[in-house]
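Asks: Structure below; questions to follow.
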Amino acid sequence: DLQVSGCGGIYSVSVEQQDKKAAMCPGVPAAGKGEAADPPGPSLALPPPERETWTRQMDFIMSCVGFAVGLGNVWRFPYLCYKNGGGVFLIPYLLIALIGGIPIFFLEISLGQFMKAGSINVWNIAPLFKGLGFASMVIVFYCNTYYIMVLAWGFYYLVKSFAATLPWATCGNPWNSDECVEIFRHEDCANGTATGNLTCDELSDKRSPVIEFWENKVLRLSGGLELPGEINWEVTLCLLACWVLVYFCVWKGVKSTGKIVYFTATFPYVVLIILLIRGVMLPGAQDGIIYYLKPDWSKLASPQVWIDAGTQIFFSYAIGLGALTALGSYNRFNNNCYKDAIILALINSGTSFFSGFVVFSILGFMAAEQGVDISKVAESGPGLAFIAYPRAVTLMPVAPLWAALFFFMLLLLGLDSQFVGVEGFITGILDFFPATYTFRFQREIIVAVSCAVCFFLELSMVTEGGMYVFQLFDYYSASGTTLLWQAFWECIAVGWVYGADRFMDDIACMIGYRPSLWMKWCWMFLTPLICLGVFLFNVAYYKPLIYNNSYVYPWWGEAIGWGFALSSMLCVPLTALYKLIRAKGTLAEVRLLPRSPEWKRPRTPRFKGVGLSLESEHPTLDQGCAGGNAC
């Protein structure tokens with residue numbers, strides 16, 4: 001026997017006991033269960049339905065990998081690494097991951113697992129901060145709305161890749177202009193002339209067929225946000241197909257989601273390895289990799305480097321969206337979420353670093369073929385996926401094969417992130433409504449309605465002015481500013497309001513030991529400080545949104561963008577103010593106590609036929625064990 005302190009007391013626990021976690025914390029569920037044991041005394045009430053759990057723990061791991069490892073790892077991290085000093089960028093990146101990313105990542109997963117609830121109800125532990133749940137629902141709704149547009153474009157490119165000649169490789173198509181030219185050999189400008197009879201000055205005004213396919217065929221780009229134009233029905237059909245895929249991945253819950261992610265989360269790694277092998281065999285690949293990693297120590301003094309590192313960590317780790325909390329809520333109570341969080345964080349950052357070799361080996365080849373410096377071809381975001389890489393594959397032998405592989409990988413990377421994001425949103429909605437309002441096919445109907453609402457909102461993004469709308473969502477609604485704000489208040493709510501020590505005890509109830517003190521110090525001090533610092537830097541160095549370095553958004557467009565950002569950020573203070581106003585008594589008398597987790601809720605014994613109803617009261621702060629006497 002050994003003695004374990006925590007959870008409100010000291011308990012003698014047999015090491016050989018099958019469920020030592022339950023023994024450490026009386027009242028917690030047994031291994032693999034989502035409900036607490038019945039309270040003492042007679043109870044004839046039917047127990048509430050047990051919360052669905054993952055079939056295997058690997059289902060949870062793969063779902064988190066699929067959600068957190070997405071497009072940002074492939075098309076944003078390599079460019080940021082090159083832009084911010086090469087290998088030097090890894091210093092602020094790893095530092096912020098250690099003191100910011102991993103602690104919040106672990107906090108969200110463990111909070112969902114302990115409370116057995118989605119992104120809204122988990123904040124019953126600190127009711128004054130329940131606005132964090134509403135804020136995460138708003139952010140993930142925005143993400144679900146615009147993120148899938150990348151999948152629609154990728155699906156469109158994938159379909160067009162099945163052709164003997166790639167449509168973006170040549171001029172002379174209906175969408176090409178008179179300024180289209182297929183070959184750019186800029187090194188010929190040293191002799192004063194370029195391709196054919198064109199001078200270098202004339203060449204500078206010409207346009208690549210890759211850019212014209214993207215802007216004239218796919219986007220049909222208009223002159224600005226104020227010119228929406230017509231709907232592109234080809235892309236709309238691709239968008240509809242993506243939503244149908246997402247719906248059938250999500251409609252049956254984690255039992256089906258956990259199976260699909262085995263393919264959608266692992267196959268992109270197979271494609272990345274194939275593309276890396278192909279990339280390093282191309283001429284110029286070595287120069288591209290050197291550009292990617294070449295250290296520039298002077299960059300460490302630039303605040304922008306630290307801003308980029310912080311925002312990339314919080315964005316790529318999918319922090320503040322509530323989906324990690326939802327995924328964790330389907331874990332078995334005694335799952336070792338501490339180990340899972342560290343493994344998942346390493347996979348996420350490792351994928352980002354590895355993808356840089358894939359991207360820059362291809363960009364190095366592209367720069368060598370065109371005779372330009374790699375800075376001319378290194379791009380981030382949609383520019384990398386739909387301009388730089390499509391241009392690179394046109395220079396390779398068997399171009400349609402490499403194009404199809406790349407866009408299939410892009411589709412899978414985004415697809416699992418999308419349907420897990422939708423799963424997080426649906427979980428929050430279902431948990432928010434009382435069990436008495438359940439009805440047949442409730443989940444299927446709510447998923448269908450959510451997908452349909454997002455689809456109709458996205459019709460504004462498949463118009464000729466749709467890219468300007470997409471950029472507004474991307475720049476403001478789920479930006480680093482909103483995610484840092486969300487993470488800061490999460491640390492305050494758990495570390496200071498609920499209590500870091502109390503939450504450490506709760507985790508010990510689940511996994512059998514207290515996590516490293518580093519986590520406690522991060523939740524209380526280091527992580528809030530780094531979030532606040534990067535947030536203030538973001539605000540101080542704010543730059544209005546400009547599309548393609550040329551189009552400046554009108555004032556009302558920027559106001560819409562800030563409306564997106566504030567719609568989530570204001571949920572926290574407004575909800576707290578509402579609860580304070582509704583509370584009875586003076587401010588000094590107000591005590592908003594935490595509520596117990598779902599599995600700790602008391603049941604009402606009812607004796608039918610004798611006209612007697614015995615109502616059991618909720619435990620007070622001095623009763624129970626789970627939550628460090630918070631239940």
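Each Cβ is built from the backbone N, Cα and C atoms, and glycine gets one as well.
Nobody curates TrEMBL annotations by hand; they come from automatic prediction.
The structure displayed is predicted, hence computed values, not measured ones.
Below, the features straight out of TrEMBL:
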TRANSMEM  60-78  transmembrane segment
BINDING   G66, A68, V69, N73, S316, N348, L413, D416, S417  Na(+) binding site
TRANSMEM  90-111  transmembrane segment
TRANSMEM  132-158  transmembrane segment
DISULFID  C171-C180  disulfide bond
TRANSMEM  231-250  transmembrane segment
TRANSMEM  262-285  transmembrane segment
TRANSMEM  305-330  transmembrane segment
TRANSMEM  342-368  transmembrane segment
TRANSMEM  388-413  transmembrane segment
TRANSMEM  445-463  transmembrane segment
TRANSMEM  483-500  transmembrane segment
TRANSMEM  521-542  transmembrane segment
TRANSMEM  562-581  transmembrane segment
Asks: Between the binding-site residues G66, V69, L413, S417, which lies closest to C180 (disulfide bond), Cα to Cα?
Replies: L413
Asks: Find the shortest Cα-Cα separation between C171 (disulfide bond) and the binding-site residues G66, V69, L413, S417, and name the residue that gives it.
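Replies: Result: the closest of the binding-site residues to C171 (disulfide bond) is L413.
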Asks: Using Cβ-Cβ distances, find the residues under 8 Å from S316 (Na(+) binding site) that belong to the same chain and are at least 6 apart in sequence, listing them in sequence order.
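Replies: The list for S316 (Na(+) binding site) reads A68, V69, G70, G72, N73, R76, F77, N348, S349, S352, given in order along the sequence.
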Asks: Taking the Cβ of G66 (Na(+) binding site) as the centre, count every other Cβ atom within 10 Å, in any protein chain shown.
Replies: 27
Asks: Hey, which of 132-158, 305-330, 342-368, 483-500, 521-542 has the most Cβ-Cβ pairs under 8 Å against the transmembrane segment (445-463)?
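Replies: The stretch with the most close Cβ contacts to the transmembrane segment (445-463) is 132-158.
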Asks: So if I exclude everything within five residues of the ends of the transmembrane segment (90-111), which remaining residues of that chain have a CB under 8 angstroms from its CBs? That is, six or more out.
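Replies: Contacts of the transmembrane segment (90-111) (Cβ under 8 Å, skipping residues fewer than 6 from its ends): 64, 81, 122, 125, 300, 305-306, 309-310, 312-314, 317, 319-320, 322, 324-325, 327-328, 331, 337-338, 340-342, 344-345, 349, 353, 487, 490-491, 494, 503, 506-507, 510, 515, 518-519, 522-523, 526-527, 530-531, 534.
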Asks: Among 60-78, 342-368, 521-542, 562-581, which stretch has the most Cβ pairs under 8 Å to the transmembrane segment (388-413)?
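Replies: Comparing 60-78, 342-368, 521-542, 562-581 against the transmembrane segment (388-413), the winner is 342-368.
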Asks: Any chance the transmembrane segment (521-542) and the transmembrane segment (262-285) have 3 or more Cβ pairs under 8 A, given the pairs are 6 or more apart in sequence?
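Replies: Taking Cβ pairs at least 6 residues apart, the transmembrane segment (262-285) and the transmembrane segment (521-542) are not in contact, as fewer than 3 fall under 8 Å.
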Asks: How many other Cβ atoms sit within 10 Å of the Cβ of V69 (Na(+) binding site)?
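Replies: Other Cβ atoms found within 10 Å: 27.
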Asks: Does the structure show the transmembrane segment (483-500) and the transmembrane segment (231-250) touching, where I'm treating 3 or more Cβ pairs under 8 angstroms (sequence separation 6 or more) as a contact?
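Replies: Not in contact, no.
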Asks: So among the recorded positions C171, C180, L413, who's got the most Cβ atoms within 10 Å?
Replies: L413
Asks: Can you work out which residues elsewhere in the same chain, 6+ from the ends of the transmembrane segment (305-330), have a Cβ less than 8 Å from its Cβ atoms?
Replies: 51-54, 60, 63-64, 67-70, 72-73, 76-77, 80, 83-85, 89, 92-93, 95-97, 100-101, 104-105, 108-113, 115-120, 122, 133, 135-137, 139-140, 143, 254, 299, 337, 345, 348-349, 352, 417, 420-421, 423-425, 427-428, 431, 478-480, 482-484, 486-487, 490, 530-531, 534, 537-538, 541
Asks: Is it true that the transmembrane segment (262-285) and the transmembrane segment (562-581) have 3 or more CB pairs under 8 Å, sequence gap of 6 or more?
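Replies: Between the transmembrane segment (562-581) and the transmembrane segment (262-285), which are separate recorded stretches, there is no contact, as judged by 3 or more close Cβ pairs.
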Asks: Within 10 Å of the Cβ of S417 (Na(+) binding site), how many other Cβ atoms can you find? Include all protein chains, please.
Replies: 27
Asks: Report, as numbers and ranges, which residues of the same chain sit near the transmembrane segment (342-368): CB under 8 Å and 6 or more residues beyond its ends.
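Replies: Apart from its flanks, the transmembrane segment (342-368) reaches 61, 64-65, 68-69, 73-75, 77-79, 81-82, 90, 93-94, 97, 101-102, 105-106, 269, 272, 275-276, 279-280, 282-289, 291-293, 312, 316-317, 374, 376-378, 384, 388-389, 391-392, 395.
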